[in-house]
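Colleague: OK, TrEMBL features for this one:
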- 3-105: domain 'FAD-binding FR-type' (DOMAIN)
- 227-312: domain '2Fe-2S ferredoxin-type' (DOMAIN)
Amino acid sequence: MGMTDVSVRVIDRTEAADAVFALVLAAADGGELPAWTPGAHIDVAAGAAGVRQYSLCGDPAERDRWRIAVLHEPRGRGGSAHLFRTALPGSTLSVSSPRNNFELAPAAQYTFVAGGIGITPILPMIAAADRAGADWTLHYGARSRSHMAFAEVLAADHRVRLVPQDEAGLLPIAEILAARPGATVYCCGPEPLLTAVEAEGARGGVTVRTERFVPRPVEDAGADAPFEIRLARTGRTLRVAADRSIVDVLESAGVTVITSCREGTCGSCETPVLDGAVDHRDSLLTAEERDSGATMMLCVSRARSGVLVLDL
């Protein structure tokens, strides 16, 4: 089940760029909204399209309002189209409390890289880096200048480099990372950008943090195999067929599981693993976290052993 149990009202809607609209949200009851930190996102109920995740891109100090920006994709999966039609000033939305899988860790130096709508989680990060007195730069690429959300405000800062693809080509990832080898890199954007930054960071030994809102491509390892899960708190054992996910099996067995994206991108179903080998297929865990086998995303990941023991 999802947890879009916070009711908010749309109090403002503006065009942030071509095909991008920004929504300012306030608590429907007029009270304070839950606190959040840079990098956080909320789940938003989007009608028949299900639930979608959007980064908070306002000021965490403003407890009376949140801001999100939505890329309207008419040929997408339907979530943005639903919000484009219905999220008008005065309307209400069902959303979740903020969750942060992209936390800004303390550092003396940051390099921020954003592509397209991926600028949204970066905006509060650069503000936080400023407040902390950190040294930072931002490299922001998009199809064209008109597709860059909040570009006018960003362009006024000398630490920001705007790279419209139609004018200057793609972001020069190798050059960007090599220029500041001691910086911690935070990146959000389309998959080709994330893959390029991760690969270049690995080559140069640079710390890279990325965030995805669509699943990371998974290598085809052949047909899935069935396995069993053992629920440590109750002792129940359930069989997961080759064509079913752990979440599907748990829900069919009446076990409550918090889920949202069901694609391995949001982290809401992350669960401790007490025993067994995991076939990780999510887009969140780092290589070190995967190697530890301490947790898994129940919506997409499977077993590499015959049995997984879960802390459920």
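Just so you know, glycine gets a Cβ as well, placed from its N, Cα and C.
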Colleague: Please work out the helix, strand and coil residue numbers for the domain 'FAD-binding FR-type' (3-105) from the DSSP assignment.
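Modeller: Here the numbers are 11 helix, 41 strand, 51 coil.
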Colleague: For the domain '2Fe-2S ferredoxin-type' (227-312), what does DSSP give as the number of helix, strand and coil residues?
Modeller: 13 helix, 26 strand, 47 coil
